[in-house]
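Chemist: Quick one: structure below, then a few questions.
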Amino acid sequence: MADVEATAAAKPNGKKETVEGFASESGDEEIGIVNKSQPLKQDLRNRHMQMIAIGGAIGAGLFVGSGSALSAGGPAALVIGYIIIGIMLLFTCQALAEMAVLFPVNGAFFTYVVRFVDPSWGFAIGWDYAISWLTVLPFELIAAGITIRFWREDINIGVWIAVFLVVLSIIQIFGVRGYGEVEFVLSMIKIIACTGFIILGIVINCGGVGNRGYLGAQYWHDPGAFRNGFNGFAGVFVVAAFSFAGTELVGLAAAESANPRKAIPMATKQVFWRIAFFYVVNLFILGLIVRSDDDRLLGASGANTKNSPFVIAIQDAGINVLPSIFNAVITIAVISVANSCTFGSTRTMQALAERGMGPAFLAYVDKQGRPLNCIAIQIAFGFLAFVAESADSSKVFGWLLALSGLSYFFVWGSICLTHIRFRYAWQAQGYTLEQIPYKPTFGVYGSYIGLALNIICLIATFYSALYPTPDATPSAEAFFQSYLAAPVVIALYLGWKLYSRDWRLYIPVEEMDLKSGARLHVPDPDEVIVEKTWGNLPLRIARGLF
């Protein structure tokens, strides 16, 4: 086995110190850093991380976009599609958590792809991820403005865009702590709303509210559990991917967590609850109380909250005040996602710049741990929201969002692939699993399943982009609005290959850097190691998820 002590001592100014069961092994700086900056401030607490994991990405994708998915695929396709994406995200987040606890370095999954797969692929994934968040921000600002029209249609949307943009800018003054506190409060509100809707949905379904009587599962029979065949089922994946976007932010926040060893595993376990409870249960009940052939669902996109299936369900039940309350929740959810945009894009751009994969000025971090130049770029993109006042706004943002919808499949698939490569190199270089502080319940096998599901989703999305409905004919414009991220990623990948002149497809195992920034686990000699058997498998799975 590799002698960890020897390798640490052999490095210039290398050091190895044990703190709370960790053996941290590092040199002066991580390999590949060319624009060294001030460190990011480690100011996120456990409660912040858990709320970011549970409710950080719950936004218009769930509350509004799920309506278009229900209309396209039917209630059964809606639930099954979200379950598939949810399982994929569960394995992906667990794989990311293992690497984030062991290597709580800046850039998270982008850095891991560069170190364990290929720098060119890391460059492509990193910039595609940053671009997706940059372009989502103006969309979310417009969405927040549109939600206000639920009450006031007489006020120009530009007024609300300006207000929300100022609020986001103020949050950035307080750095990562400001992001964490805002997400903590807003996520609590979203969790309460989701829980309340589940209870209300059960009451509506049982005939306790409204004049429709007992509904049961009649909408699964008429108009049916599935709509538009496989075309409708495939179309659910795109909406589901957009709804789950941001789940990986937990790993990105590792570098700014005060205690990543405890915070990240706890937050990762919350992902299971978010998938099972806040998505699957909510959408299952939604399919029981809203008809999938309701014409109002055809407008359920963006932040058109009047066409939100949640609001429609409440209105059809004859409840007068609650639609306004739930619309306020949607407004809060949209602002929360906009807040996540600034965090996801700025931290990724700063990490890219540190490695020389972006303009050097983006690597700057001030003494308060804020990547100010990156924040300025993100806020500047926010001004694109004022395009909403033009006649061509829908077409403009249709193309902007085309950059983000599919990119998450590339990101999540790359995380799973990176974990597979990391585990292979970890064993090949002589390390043991006991030195890894946190290990996923399903190990590397979960990453294989996650990678396979990502590939399947990419294929299904490709088919849906060509044939959104059974009688559709392929359209170049419709295809690229759904699949634009793919050629962008390929162009970024080939561009860095040409620039770097590194034509290798992947980094050889013996050249992988497994030392820089590593925080190895030091097993307690008195620790009782439970043998893994088929008999205790259910208990081990339960402990890994709860």
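Cβ coordinates come from backbone N, Cα and C, glycine included.
In case it helps, TrEMBL gives these features for our protein:
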{"type": "REGION", "residues": "1-21", "note": "region 'Disordered'"}
{"type": "DOMAIN", "residues": "48-505", "note": "domain 'Amino acid permease/ SLC12A'"}
{"type": "TRANSMEM", "residues": "51-70", "note": "transmembrane segment"}
{"type": "TRANSMEM", "residues": "76-93", "note": "transmembrane segment"}
{"type": "TRANSMEM", "residues": "129-150", "note": "transmembrane segment"}
{"type": "TRANSMEM", "residues": "157-176", "note": "transmembrane segment"}
{"type": "TRANSMEM", "residues": "188-209", "note": "transmembrane segment"}
{"type": "TRANSMEM", "residues": "230-251", "note": "transmembrane segment"}
{"type": "TRANSMEM", "residues": "271-290", "note": "transmembrane segment"}
{"type": "TRANSMEM", "residues": "372-391", "note": "transmembrane segment"}
{"type": "TRANSMEM", "residues": "397-422", "note": "transmembrane segment"}
{"type": "TRANSMEM", "residues": "442-466", "note": "transmembrane segment"}
{"type": "TRANSMEM", "residues": "478-496", "note": "transmembrane segment"}
Chemist: Counting only residues 6 or more past its boundaries, what in the same chain has a CB within less than 8 Å of a CB in the transmembrane segment (188-209)?
Modeler: 51, 54-55, 58, 215-216, 277-278, 281-282, 285-286, 288-289, 310, 313-314, 317-319, 322, 326, 329, 332-333, 336
Chemist: The transmembrane segment (271-290): which same-chain residues, six or more beyond its ends, come within Cβ distance under 8 Å?
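Modeler: Counting only partners 6 or more residues beyond its ends, the transmembrane segment (271-290) has Cβ contacts under 8 Å with 53-55, 58, 62, 66-67, 70, 74-76, 78-79, 82-83, 86-87, 89-90, 93, 191, 194, 197-198, 201-202, 204-205, 215-217, 219-220, 243-244, 247, 250, 297, 309-310, 312-313, 316-317, 545-546.
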Chemist: Quick check: do the transmembrane segment (230-251) and the transmembrane segment (157-176) share at least 3 Cβ pairs under 8 Å, counting only pairs 6+ apart in sequence?
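Modeler: Between the transmembrane segment (230-251) and the transmembrane segment (157-176), contact is absent.
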Chemist: Quick one: do the transmembrane segment (442-466) and the transmembrane segment (129-150) have at least 3 Cβ pairs under 8 Å, skipping pairs fewer than 6 apart in sequence?
Modeler: no
Chemist: Mind checking which residues reach the transmembrane segment (76-93)? Cβ under 8 Å, same chain, six or more beyond either end.
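Modeler: Distant Cβ neighbours of the transmembrane segment (76-93) are 53, 66, 69-70, 220, 225-227, 232-233, 236-237, 239-241, 243-244, 247-248, 250-251, 268, 271-272, 275-276, 279-280, 283-284, 286-287, 412, 415-416, 440, 442, 446-447, 449-450, 453-454, 457.
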Chemist: Note the mean pLDDT of the domain 'Amino acid permease/ SLC12A' (48-505), expressed as a whole number.
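Modeler: Summarising the domain 'Amino acid permease/ SLC12A' (48-505) by its mean pLDDT gives 82.
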